[in-house]
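Per TrEMBL, the features are:
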- B:8-280: domain 'Phosphofructokinase' (DOMAIN)
- B:G15, B:R76, B:C77, B:G106, B:D107, B:G108, B:S109: ATP binding site (BINDING)
- B:R25, B:A26, B:V27, B:V28, B:R29, B:R158, B:G189, B:A190, B:E191, B:R216, B:K218, B:K219, B:H220: ADP binding site (BINDING)
- B:D107: Mg(2+) binding site (BINDING)
- B:T129, B:I130, B:D131, B:R166, B:M173, B:G174, B:R175, B:E227, B:R248, B:Y254, B:M255, B:Q256, B:R257: substrate binding site (BINDING)
- B:D131: active site, proton acceptor (ACT_SITE)
Protein chains: 4
Amino acid sequence: MAKQIRTIGVLTSGGDAPGMNAAIRAVVRTALGNGVKVRGIRRGYSGLLNEDIIDMTARDVSDTIQRGGTILQTARCLDMCTEEGQQKAAAICKKYEIDGLVVIGGDGSFKGARALSNLGVNTIGIPGTIDMDIACTEYTIGFDTAVNTAMEAIDKVRDTSTSHERCSVVEVMGRDAGYLALWCGIANGAEKILLPEEHDYNEEQIIQDITENRKRGKKHYIIINAEGVGDSANLARKIEEATGMETRATILGYMQRGGSPTAKDRVYASIMGAKAVQLLMEGKTNRVVGYKHGEYVDFDIDEALDMQKAIPAYQYDIAKGLSI
Amino acid sequence: MAKQIRTIGVLTSGGDAPGMNAAIRAVVRTALGNGVKVRGIRRGYSGLLNEDIIDMTARDVSDTIQRGGTILQTARCLDMCTEEGQQKAAAICKKYEIDGLVVIGGDGSFKGARALSNLGVNTIGIPGTIDMDIACTEYTIGFDTAVNTAMEAIDKVRDTSTSHERCSVVEVMGRDAGYLALWCGIANGAEKILLPEEHDYNEEQIIQDITENRKRGKKHYIIINAEGVGDSANLARKIEEATGMETRATILGYMQRGGSPTAKDRVYASIMGAKAVQLLMEGKTNRVVGYKHGEYVDFDIDEALDMQKAIPAYQYDIAKGLSI
Amino acid sequence: MAKQIRTIGVLTSGGDAPGMNAAIRAVVRTALGNGVKVRGIRRGYSGLLNEDIIDMTARDVSDTIQRGGTILQTARCLDMCTEEGQQKAAAICKKYEIDGLVVIGGDGSFKGARALSNLGVNTIGIPGTIDMDIACTEYTIGFDTAVNTAMEAIDKVRDTSTSHERCSVVEVMGRDAGYLALWCGIANGAEKILLPEEHDYNEEQIIQDITENRKRGKKHYIIINAEGVGDSANLARKIEEATGMETRATILGYMQRGGSPTAKDRVYASIMGAKAVQLLMEGKTNRVVGYKHGEYVDFDIDEALDMQKAIPAYQYDIAKGLSI
Amino acid sequence: MAKQIRTIGVLTSGGDAPGMNAAIRAVVRTALGNGVKVRGIRRGYSGLLNEDIIDMTARDVSDTIQRGGTILQTARCLDMCTEEGQQKAAAICKKYEIDGLVVIGGDGSFKGARALSNLGVNTIGIPGTIDMDIACTEYTIGFDTAVNTAMEAIDKVRDTSTSHERCSVVEVMGRDAGYLALWCGIANGAEKILLPEEHDYNEEQIIQDITENRKRGKKHYIIINAEGVGDSANLARKIEEATGMETRATILGYMQRGGSPTAKDRVYASIMGAKAVQLLMEGKTNRVVGYKHGEYVDFDIDEALDMQKAIPAYQYDIAKGLSI
């Protein structure tokens, strides 16, 4: 028979992402509405190990759905990668009567959730990262906000790029996964998108393409560079030297991680938060919530961590076709 | 053997929606990139019947992906509902050597496309409406922008509602389909969502719920009313009379139809525009592009028009559970 | 010798306005930084009479400068218009050892401040209203945010208005002062601005102007109507009947009162808040802070309430000249 | 007797700034409305020397007031600094019958206008730069938009900075004038503002202040660095090393130059554009339009270039007082 859940803990872990507050709010209110107590764990697993734990009421999450960041804060926690840390964490959960734990974060955070599940604390993961690099789900909390933030910034870069007939190299986040770069590339009508998945970074080719585009009458040229593919400042310098076209680099940086979440991030995060509590109440553990093929689903964490995700190559091809 | 397409026409029809320009741009550039000429038809079917037709180059759609509205404009056209009008439209397509036509709009617009297909003009529909009320697809161009526009406006209403401890009745668009209302309801953390699909509009119940919520300590109370469900001004007046809580109605109106499209609207519209041209080039006709179960797909228009769509009831239930 | 101030009270009164939190924050931190205690009075004068008073620390205003509304909330208070109410309010100030009181609001709120000053409580007013209708100052907290909110909404209305070649009647706030309407009129490039100050509301003239504009090739027509000048819905109906041009009314409503404040509202409100405390510390009372001729200044409240303000007629003329 | 103006030229010069299009629109429509022809000169003085000149109608500036950048584009032009270039420019003005020229730009651009005035072409300057570094005016086109753009980006940085309890070094534009940095410092509630005007850049002091702030309970720490004062990346590294607080640098870059202009930028630019034409029609030359002490004024260009502007030190002091 499924374990009856009396108290749920909730934490956010890894990099913060807009919409995490919507997920926390949904966890808190769904639990309370079903007669389950909620404890908020501050600063991720680090706070769990330090017993940085607070009781949460429905009012504590009032007026938070529209806020960026995470009201529970987050932190890195190397101790949670050790068996000793994991056992301490499980013991603290028991001390605070936390029967079920919702972990909002990425793959690294889910590994901690798996460890706790093995140690008898029921756990459910919710995918939260602006990078979209979680294989089991087509949606991760924060991606939609981050891509809109980056896109709006690049729209502004484009204004000045057009006025001056410049080339602009804009670096977006996504060192290991090019979703942000691909989406901005399409949404901003960029002439070139540099993705970590493509493995074809070639400055000669970029310079040649710019030269050809100018002949076809393009007034400005925007290159979206996923962090780490090319060195934006160097690339800009080389383009200017080779083509004579004034070229500037912009690195969007940490603004991509914040901001009031978009409707999609608020709605999906709310539904995922509610679903996580429902799963705990059904006695489930070691599961991660996802959105796949148009439905909210859940997977075994082990299974989820083994999945592979590939950036859709046809979309990259479409983007190339639209930059003529 | 499939008809070889040499010239593609493109028009926007019905209510405009943010992202239509991204779709037009994708149609134009995908066609041109494949050696196919493009004619833009202005003012929808009405413009087609008036031969309001222009040649389009890749530069004509430069700097348009980020713009609201539709550069081709749109209009109502009753004549296109008549057989005579349809035959005239087909004749004009032939006169202008338009072998394939891309129609961006809603169900009504697709009926025109079907008629033209029957008369020998290959046609592909792209779903464009902020109402999301097209059954064959989980995405329609403009919905994502409209819901974010409405949500951001309601965030602002919420600020003043909280400062004054008021009740606010906010009317969003969606006379026949409550998607905008449902999403805003969840995204804005509304206390009550009035949907056309629910058929349970009950002012007594609303007033009773407000009274109970105030006892539980809610500082403000937001009701999202899908246009046409309740009369917003009357409802506000009745609530104030019955509860003594200061209540104000806001009707968001036409601002929901405009604005620079979100990343999602730009990306999906771009891919759908490219796909529509690919379908025409494969010799397809009488198809509508859709996004379903996580993939870009296409359906026979007749089939698509016969499909039924229901608002997801479980999401409505989740929204209720989160407004405690 | 000037009275030494040991405890300052702060309240927001009348309609809320974005930037009030920046002013509260500046009052709190400037006072604390100078060794003066601060009490926050919730819900305006009403809260003062109900002793809804809290001690405030520097941390209580952390993370508030970017928030719309007022964290101290606001309310109407008829009792404060009576001598009895005013004496009770002064007595409560003394009970709570409030030597100096900062009142953020409009002319009505300043009358209460004057009454309290006469009863021995030193008071300083800060102009806060989105309507700009305070004669002694060229800036009032909230106007800049409100005008940008309205303008951005009207930009969106314009998108759809252009796509459909419609006429749009957009109603903005400002029943007694047309600043919002005038600014939106210029900033949105409206064809017609209806101001309460002009006293020349003439539907025949409006209809005639639309007809002439269409002849000159204007694709759309936007009328900004200051709340109460014309009835927006009726006007829209009459225009459509008379000109045949599809016409829609949009009433922007309460969203104009909320939202994260603009830079100007945050900066000016911060400086005014700091200045209000400085004035109290100098022993001043019955003063209102203003911004005039490029400088932060202060006036006697009696003097300020007697001043008259006229909307700049030359700007209205310029607006007319630009709508050709 | 004043020279009668029959044709006005207009150009934008130097760095582009949001609101320049509103000024262009006002110049075009005010001139046309007064029976004066308008020629648009593309790409600044460089375009003038290359005779890149187009006739402009009232419709050419339709739908431009809300757009970032400059529809006339801009470019650097070293030739215009030489006497030979200036004489060629004057000759081209005469060839195109340009009696009066409106130059939208900064001090460098006004020097070109002065030279042309000396050579018999009547010229009026309009201050356009996001840096606010034009001494004769309290307002320059683009500053208000730029400061709001930067502030909104920093609000987002703050979200993630708070979630992670990080220190953030944010670099804004303004190498020679700290207005953007000062305003963002106040508007974002930054803990530290580094201005070029202060000449007191001291990394030891910054590190010491952070340490003290943390003791007072500050959860995050934001430093606004005007471009060029400190090296943002190095400073971030040093802070992290010295304090152990995770520290990240963000360089906002070229996004600060673009974007749809704010209401203030649209309104002031419109009035300044109209005023520039009025001055030309009155026969004035070698003048620059300004906004000073609450009024639109104009100065002799020589006089204007000699003026000095100092950042308001009391505002910097207030900012320090508010970051407790």
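Glycine too: its Cβ is placed from the backbone N, Cα and C atoms.
Positions of TrEMBL features highlighted on the structure.
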residue : record                 : DSSP (3 states)
B:G15   : ATP binding site       : coil
B:R25   : ADP binding site       : helix
B:R76   : ATP binding site       : coil
B:G108  : ATP binding site       : helix
B:T129  : substrate binding site : coil
B:M173  : substrate binding site : coil
B:M255  : substrate binding site : helix
Nonlocal residues around B:T129 (substrate binding site), in sequence order (Cβ under 8 Å, 6 or more apart): B:G14, B:G15, B:A17, B:G105, B:G106, B:T140, B:I141, B:G142, B:F143
According to DSSP, does B:R248 (substrate binding site) fall in a helix, a strand, or coil? strand
Euclidean distance between Cα atoms of B:K218 (ADP binding site) and B:M173 (substrate binding site), Å: 26
What's the CA-CA gap between B:D107 (ATP binding site) and B:D131 (substrate binding site) in angstrom, rounded? 11
Among B:V27, B:C77, B:M173, the binding-site residues in question, whose Cβ has the most other Cβ atoms within 10 Å in this structure? B:V27
Can you tell me how many other Cβ atoms are located within 10 Å of the Cβ belonging to B:R29 (ADP binding site)? 26
Find the one among the binding-site residues B:K218, B:H220, B:R248, B:M255, B:R257 whose C-alpha lies closest to that of B:C77 (ATP binding site). B:R257
C-alpha of B:V27 (ADP binding site) to C-alpha of B:S109 (ATP binding site): distance in Å? 17
Using Cβ atoms and a cut-off of under 8 Å, determine which of the binding-site residues B:H220, B:R248, B:M255 neighbour chain C, and list them by sequence position, or give 'none'. B:R248, B:M255
Cβ neighbour count within 10 Å of B:E191 (ADP binding site): 23
Would you list the binding-site residues among B:R25, B:G106, B:T129 that come within less than 8 Å, Cβ to Cβ, of chain A, in the order they occur in the sequence, writing 'none' if nothing qualifies? B:R25
To the nearest whole angstrom, state the Cα distance for the pair B:G108 (ATP binding site) and B:D131 (substrate binding site). 13
DSSP-derived class (H/G/I helix, E/B strand, else coil) of B:K218 (ADP binding site): coil
Which three-state DSSP class does B:G189 (ADP binding site) fall into? coil
To the nearest Å, how far is the Cα of B:M255 (substrate binding site) from the Cα of B:G189 (ADP binding site)? 21
Using C-alpha positions only, work out which of the binding-site residues B:R76, B:S109, B:R175, B:R248 is nearest to B:R25 (ADP binding site). B:S109
Relative to the Cβ position of B:G15 (ATP binding site), how many further Cβ atoms are located within 10 Å? 23
Nearest recorded site to B:G189 (ADP binding site) by CA-CA distance, among binding-site residues B:R76, B:S109, B:D131, B:R248, B:R257: B:R248
